[in-house]
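Asker: Quick one: the structure is below, and I'll ask about it shortly.
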């Protein structure tokens, strides 16, 4: 019988695939290890409940340690598929309530539970951890704590909105839940989110990762024992500041004031386009003002409601898209790029150098003048030095990154380059000259990438001796901040060249779309008609500030007038002219002559200090450039009242953008709608709450969009003619870009 | 008797003798001195012990870590004060805890290259007084004040001083590259190798017990007496304090709280002290009528990751120097390893005993093996005798020579770790009696 018992225990352990446990003296160590990154899936929750029941029922166990066997992740969050599989809000609410119940049992555990955190502890993982009695985290760079739900249009639905305010105080809790920001271990300790920190270990008798987890477990087991024996107190003596804060917060009118302030701030930032933050405030308020029962109920119900919103579906779609665009669908390149050369130390060139040297790529930054080179090297230095001020890297790391950078005026060392990225002036003849010069000095395997925002790559490659090694890499400014990289392949670009460019981009931390060649590729081509429309709107007498508020009111993070200033009026004029030639009247709208007059006056946008607005260093407030308005006077158009309401203007701007995006898919410039959405959101600031142009068509309805465009088409003609693919979708509502 | 390590065409270089001042806990009897005073005492002690004519010395090299800015070339200041000829050049070297090893191997190099015949090497560390500086902002203001021409300019500069600028800058025993203190790194290292608190306390107790025994039986003959101005004559190290395991167990961790294992009792303490050795070509030593104590043979310097392998120098240096000498660990009769922390020593011993570590991190086929404890630091070590950073190297070498004489062995091995993730090892051969 005894043997049987043992066998049944063993088989019981083996039947579980996600959670197992071991009894160490009087401490039960529960280890999570699912086939991926530890998500709170149905399976994980079922096994966890089983294990917890066994542990609670085992009288030999006095305390519990909860730990992950994975080096990079404690629990990465709830299983999104579980939520996406639901078809009604009620189903999702039920999921939330199950989670709430499970964590309530954890919170009320008679045996203290220590969460031993190494790696990401996010979303549902964080909610699990804060339900435990004690938290120990490693100082690993991979260890982050946070509630990213809001970024997916959701809220922490398993007690997070209820426990965090009590644990951290209202201001910190709101900050954490509303921004979704990831919190590093040292900050988490300071905030009181974790009790104890454990250092990461270096080489020993096992690999550093393995031994660090073991060490964390040893420390956690000791802490669990201490807690069970009451040698470690569960509640920490509060500091003076904390006591004062608690006292102040005990007044209802103070809390009310905070709710109001936070609400206002959220409305200002989201323009009311994102429901999740508002619902989060509602849940926190319900819990604190009406008690836990009301709070938990509000949390689960709002969680259900949010999961059904188009905003959440859009944001989750972007999340999945981003994961897809962080993979190299072209495979591993034959040769890894270890030595890079960047031509042109301007804003773009230096930016590309910066995101390369800090990833360990040896980078030559070449310019033609000492002044240009010096400015570029300073930009790289400043970019990295600013990171030391934010303490994301040390000054020592900064120095060692900078040692990867070689600034020079000649082609010395290009014979050892694996890839050259040129970021010289956007002029075909200059690009040709540079390509020929470079091809004369680089080794045969070296890739020539061109950073252009509009010139067709095949035109640039026309003078190349080896067009299979030529590719477009369109970075966005500022390179160190913008996540997107648009890679452009020509018919002649080899697959290995593409694989290599994607690999470099991924190493630089970019989200990547790979598109076909053509004037303006994908991103610039979508932006150009929208900016042409924006110029027309300005000509119709709409103030730049009004234009900005109409665009941001639609969900664009940057208004159209400001965007033109950021891109540069000269660049916009240049691109409008080039693309106008390529695509004809469809790209018309605003008068290019207006842009040219602006450039003639020196109003080139932010970089020149004046554009649609006046920019003064050190001043955040911007005034409209009245001289620009004067120029506008001479290009004045009379608006047609039938299509000039605020909403009409918004749809005039957006529909041209969206139609062009769909046309790019139709023409095969885009490989799929996912990359189209990612490119538009991450490169051009298309409203994230809409999920990108393709998801927007799906959720708004192609038929409704076509209807609007037809109305505009009557007045403006072919600029608003819907493309065939859009018409197909309008005709058949079952056709969707995203399943 | 085993073969000699003499190599054809390579000059035999010998340690004639070595001395040191008593090593005292900083802030005690030496508190009012300056570093060059201690160095001078060691140099004079060496002259007395060897009866060396002052003008017979060709060159002097000294090591130091925390520099007194007034005597940045402390070798020269001490030599002049000790009465060496003002025609004898002197320079100072720095390489953290292996600074005097660097001084000695510099001497070996000068002799091997045929440039010198007799060199004095040594090291000094004075932790009772360290340079505490004004803040950078304050220094900048003060330097500008020097250049300010008008009263108005001076007043405006003085007016720019804020209270915060007056906060001083203290030197820390921390890595510049990682900003991690050495004790913190040692605690992590101990954890990485699974060295327990108990093992560390036991090793520390062993060090103190052996040191006490050596002190009581008069084995620490390298220590010279030193009359400290205004104080009594000092002739003994004052940090040797064998405690009990129970007492040591009571201490709280010093660096990683609350779960760390490195404590004040199992770490080396801040120490003042100086050491000096006389190194000569064998030919010259014999010509001058000396009976050398030992041959200084092969040596190596190594370096590795200053973050996670800061204190693993001995593990990397030992197999390398043995290979160079054509020896194995079994050939060594006397081991003297620098004990920075008990946890660091135990971690090194475990690393040397691990095939996995040798293969994964050192690119070696097999482990070198850990020294047998009966041959290891048997007269105490840095944990108990004290560790004046730059003076320790000469103590290790002199102790090996003395132990070889006393215990009758032929080969000794010195190994030490140092800040910056560096390390050193040297093979020493007994001089035929």
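Cβ from N, Cα, C; glycine included.
According to TrEMBL, the record shows the following:
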type: SIGNAL; residues: A:1-15; note: signal peptide
type: SITE; residues: A:127; note: site 'Important for long-chain enoyl-CoA hydratase activity'
type: SITE; residues: A:149; note: site 'Important for long-chain enoyl-CoA hydratase activity'
type: DOMAIN; residues: A:340-517; note: domain '3-hydroxyacyl-CoA dehydrogenase NAD binding'
type: SITE; residues: A:474; note: site 'Important for hydroxyacyl-coenzyme A dehydrogenase activity'
type: ACT_SITE; residues: A:486; note: active site, for hydroxyacyl-coenzyme A dehydrogenase activity
type: DOMAIN; residues: A:520-615; note: domain '3-hydroxyacyl-CoA dehydrogenase C-terminal'
Asker: Select one residue from A:149, A:486: among these recorded positions, choose the one with the most other Cβ atoms within 10 Å of its Cβ.
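Answerer: The residue with the most neighbouring Cβ atoms within 10 Å is A:149.
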Asker: What are the sequence-distant neighbours of residue A:474 (site 'Important for hydroxyacyl-coenzyme A dehydrogenase activity'), meaning same chain, six or more residues apart, C-beta distance under 8 angstroms?
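Answerer: Within the chain, residue A:474 (site 'Important for hydroxyacyl-coenzyme A dehydrogenase activity') has Cβ neighbours under 8 Å at A:451, A:452, A:453, A:485, A:486, A:487, A:488, A:521, A:523, A:524.
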Asker: How many Å lie between the Cα of residue A:149 (site 'Important for long-chain enoyl-CoA hydratase activity') and the Cα of residue A:127 (site 'Important for long-chain enoyl-CoA hydratase activity')?
Answerer: 11
Asker: Per DSSP, residue A:149 (site 'Important for long-chain enoyl-CoA hydratase activity') is which: helix, strand or coil?
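Answerer: For residue A:149 (site 'Important for long-chain enoyl-CoA hydratase activity') - judged by DSSP and reduced to three states - the answer is helix.
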Asker: What is the number of residues in the domain '3-hydroxyacyl-CoA dehydrogenase C-terminal' (A:520-615) that are helix, strand and coil, as DSSP sees it?
Answerer: 67 helix, 4 strand, 25 coil
Asker: Three-state secondary structure of residue A:486 (active site, for hydroxyacyl-coenzyme A dehydrogenase activity) from DSSP?
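Answerer: Strand, per DSSP.
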Asker: Quick one: mean pLDDT on the domain '3-hydroxyacyl-CoA dehydrogenase NAD binding' (A:340-517)?
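Answerer: So the average pLDDT across the domain '3-hydroxyacyl-CoA dehydrogenase NAD binding' (A:340-517) works out to 96.
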Asker: According to DSSP, which kind of secondary structure is residue A:474 (site 'Important for hydroxyacyl-coenzyme A dehydrogenase activity') found in, if we only use helix, strand and coil?
Answerer: strand
Asker: Using a Cβ cut-off under 8 Å and a sequence separation of 6 or more, which residues in the same chain sit near residue A:127 (site 'Important for long-chain enoyl-CoA hydratase activity')?
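Answerer: Expected: A:99, A:103, A:147, A:156, A:158, A:159, A:160, A:163.
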